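Notes follow once the structure below has been shown.
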Amino acid sequence: MARITLDNLAHSYNPTPSSQDDYALKELNYDWEDGEAYALLGSSGCGKSTLLNIISGLLMPSQGRILFDGKDVTRAPTAERNIAQVFQFPVVYDTMTVHDNLAFPLRNRGRDETYVAERVQEIAKMIGMEDMLRKKARGLGADAKQKISLGRGMVRKDVNALLFDEPLTVIDPHMKWELRTQLKKLHHDFGHTMIYVTHDQTEALTFADKVVVMYDGRVVQIGTPEELFERPAHTFVGYFIGSPGMNVIPAKVEGTKAYINGSEIALGAGYAPVDGKVEIGVRPEFARLSESEGLPVKVRRVEDAGRHKIIRAEFFGQDINIIAGEDDPVRADMTRVTFDPARVNVYANDWRVAPQGGEAA
Amino acid sequence: MQQKTTNHKAWFLVLPVLVLVAFSAVIPLMTVVNYSVQDTFGNNQFFWAGLEWFQEMLSDERMWNALQRQLMFSGIILAIEIPLGIFVALNMPKSGFWSSFCLVVMSLPLLIPWNVVGTIWQIFGRVDIGLLGHTLEALGIDYNYTQDTISAWITIIVMDVWHWTSLVALLAFAGLKSIPDAYYQAARIDQANRWKVFRFIELPKMMGVLMIAILLRFMDSFMIYTEPFVVTGGGPGNATTLLSIDLVKMALGQFDLGPAAAFSLMYFLVILLISWVFYTVMVNLDKKGM
C-alpha cells in the first residue's frame with residue numbers, strides 16, 4: 001500500500017500538443033492518501049481512464065511525475081509498480097481453472113506452491129467462490145468472472161493500490177449491489193488504497209471516502225460526497241451529481257442579493273462584485289413551490305418518484321427543477337418558487353465564488 | 001374444431017431446391033455409384049459386379065500407397081502452415097498502413113489460380129531456366145524435382161506452404177485482432193511473460209479460427225490435384241502421385257471406370273469421416289469448456 005503523488009501530471013494523445021484542448025488530461029497535482037477509497041467520477045471521455053492508465057503504468061504521461069511513497073515511478077513499467085487493476089470487462093484466463101486464475105499472478109512472481117495454495121483459498125473465501133475453484137473459468141457468468149478478476153487483483157498482499165475501471169458495467173443490477181458492498185467490506189478489512197473509475201454517481205458516492213470529479217480533462221472538485229452535494233465547486237459538479245442536477249440560472253449578483261430577470265433573490269451571504277458569466281446554483285432539494293413569494297414560474301410537469309415528487313417548471317425559458325416531499329401539496333395556484341438562501345451558490349464563469357467573510361458553517 | 005395445420009402442398013416450395021441439388025450433386029454421385037457396382041464395356045454394355053471393385057481396390061497396394069502419400073502430404077503441410085501462419089500473424093503490424101499493406105500482399109497468393117501456381121513453381125524450380133533450380137545447382141546443391149523424389153516432395157510442399165500459409169495467417173490475425181487490449185494489460189499487471197501471454201490469452205482466443213483453418217487446410221490438401229499435377233505430374237515414378245492424381249490416372253488415363261468409381265466413393269467417405277470426427281471433437285471441446 002502506498003501514497004500516490006501526482007506531480008504536474010498532464011497527458012496528451014497528440015505527440016505535439018499545441019493548445020490546452022489537445023490535452024486529454026490537464027495539469028494536475030494531487031496526493032492520494034494511503035488506504036483511502038477514491039472514486040473518479042465523470043462522463044465518458046473526460047480523461048478519467050487516461051488518469052487511471054497513467055497510474056497503473058499502461059500509459060506514459062506527456063509531462064509531470066507520478067510517485068509511489070515518494071519514489072518516482074513515472075517511467076517504471078506496470079509490473080514494477082505492483083498495482084492491481086480490474087477492467088470494465090471481466091478479464092479471465094479462459095482455459096485455466098478458477099484456482100489457476102487466482103494463482104497466476106503469484107506463480108508468475110515465483111512464489112512457492114504452498115503459499116500460493118493458502119493464499120488462493122483465502123481469496124476464494126473472500127470472493128465467495130470456494131466451491132468453484134476446480135471449474136474452468138470459461139463457462140462462468142460475467143459476475144463470477146468479474147469476481148475472479150477482482151480476486152486476482154487482491155491475491156498479492158503487497159499491492160500498492162487497487163484500481164477499478166468501471167468494473168460493474170457488465171454486471172446485473174442486483175449483483176452490482178452485492179459486489180459493491182463486498183468491495184467496501186474488503187476496503188474496510190484490508191485497507192488497500194483503492195481508486196474506482198465510474199460514470200455512475202451512485203456508485204461513486206456509495207463506494208468512496210473521497211470523490212474526484214473530472215470534466216473535460218480537468219479535476220474540477222475533490223471532496224466528500226457531502227461537500228460535492230452542498231458546495232459544488234463547478235457548475236458541472238452541480239449538474240452531474242444529484243438527480244435531477246442542480247438548477248443553474250444566469251443572474252446578477254449584488255452584495256447579498258441576486259437578480260434574475262428583475263426578480264430579487266436573497267443570498268445566504270454577501271459577495272464582492274463578480275465579473276464574467278454569473279450564475280446562481282440551487283439544488284432542487286432546496287427549492288420550494290409557493291403561492292405568494294419567489295419567482296413566478298410555469299409548472300409543466302410533476303413526476304412522482306415514489307419517495308418524492310419532481311416538479312419540472314419553467315422560468316422565462318429556463319428550466320427549474322424542484323424536489324418536493326411525498327406529502328407536500330402541489331396545487332394549481334402554486335406558481336412561484338423560492339430558494340433556501342443558505343443553499344444558494346454563486347458561480348462566475350462556471351466556478352464557485354466564495355462568499356465574503358468565509359464559508360457559512 | 002381443430003384446425004388443420006399441415007398442408008402437403010407446401011412441399012412444392014422446396015421442390016426447386018431439391019431439383020437443383022439433385023442435378024448438381026445427387027444424380028452425378030449416383031452415376032458414380034452406378035459405375036462402382038458394374039463392369040463397363042464399350043457400346044454401353046453393363047454387367048453387375050456387386051462389391052467386387054471395392055474388394056479389389058481395398059486389396060490393391062496402389063491405393064494404399066497413394067493414401068499413405070496423401071496423409072503424409074497433408075500432415076506435413078499442416079505441421080508447417082499452422083505454426084508458420086500463427087507466427088506470421090503474431091508479427092504482423094496490428095494497425096496502420098503497414099497492417100493493410102501486409103494484408104494485401106498476403107492475400108495475393110490466395111488469388112492466383114491453382115494451375116498458374118503450379119506453372120510458376122514448375123518454371124521456378126527448373127534446373128535449366130528456373131531461378132530457384134538454377135541457383136541451387138549453381139550453389140552445388142543436388143536439386144532436380146523431375147528425377148529426385150526428395151526434391152519433388154520439397155518442391156510441392158514449399159509450393160503449398162507458399163500458396164496457403166497466408167490463409168492461416170489471415171485467419172489467425174483476425175483472431176488476434178479480436179482480443180481486447182484489457183487482456184494484454186491484465187497480463188502485464190499479472191507479470192505474465194511473452195510465452196504465457198501466447199499460451200493463456202492468444203492461443204485460447206485464436207482456437208476457434210485455428211480449428212477452421214486446420215479443417216479447411218486439411219480438406220483442401222487432401223483433395224489437392226492441380227498444383228502437384230502441373231509441377232511433377234505425379235512423378236518421379238509414383239513418388240508424388242497423391243490420391244486425386246492417382247484417381248484421375250485410373251479413371252481417365254486407363255478408363256477403368258469401375259475401380260475408379262469405387263475408389264472415388266471410398267475417397268469421399270474418408271474425407272467425410274475425417275471431417276466429421278474433426279467437427280465432433282471441435283464441438284465437444286467447445287462444450288466442455290476445454
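Numbering starts at 1 and runs along the chain as it is shown here.
Yeah, the Cβs are placed from backbone N, Cα and C, and that goes for glycine too.
With a cut-off of 8 Å between Cβ atoms, the residues of this chain six or more beyond the transmembrane segment (B:12-37) that come close are 48-51, 53-54, 257-258, 260-262, 264-265. What TrEMBL lists as transmembrane segment is B:12-37 (among others).
For B:67-278, the entry in TrEMBL reads domain 'ABC transmembrane type-1'.
What TrEMBL lists as transmembrane segment is B:71-90 (among others).
Taken from TrEMBL, the feature transmembrane segment covers B:97-124 (among others).
Among the features that TrEMBL reports, transmembrane segment is placed at B:150-176 (among others).
Sequence annotations record features per position, and here TrEMBL assigns transmembrane segment to B:197-219 (among others).
Residues 32-33, 36, 54, 57-58, 63, 67, 211, 214-215, 218-219, 222-223, 243-244, 247 of the same chain lie 6 or more positions beyond the ends of the transmembrane segment (B:265-285) yet place their CB under 8 Å from a CB of it. The annotation transmembrane segment is assigned in TrEMBL to B:265-285 (among others).
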Within-chain partners of the transmembrane segment (B:150-176) [C-beta distance under 8 Å, separation at least 6 from its ends]: 73, 76-77, 80-82, 84-86, 88-90, 92, 94, 103, 106-110, 112, 117-118, 121, 125, 142-144, 202, 205-206, 208-210, 212-213, 216-217, 220-221, 224, 227-228, 231-232, 235-236, 239-240
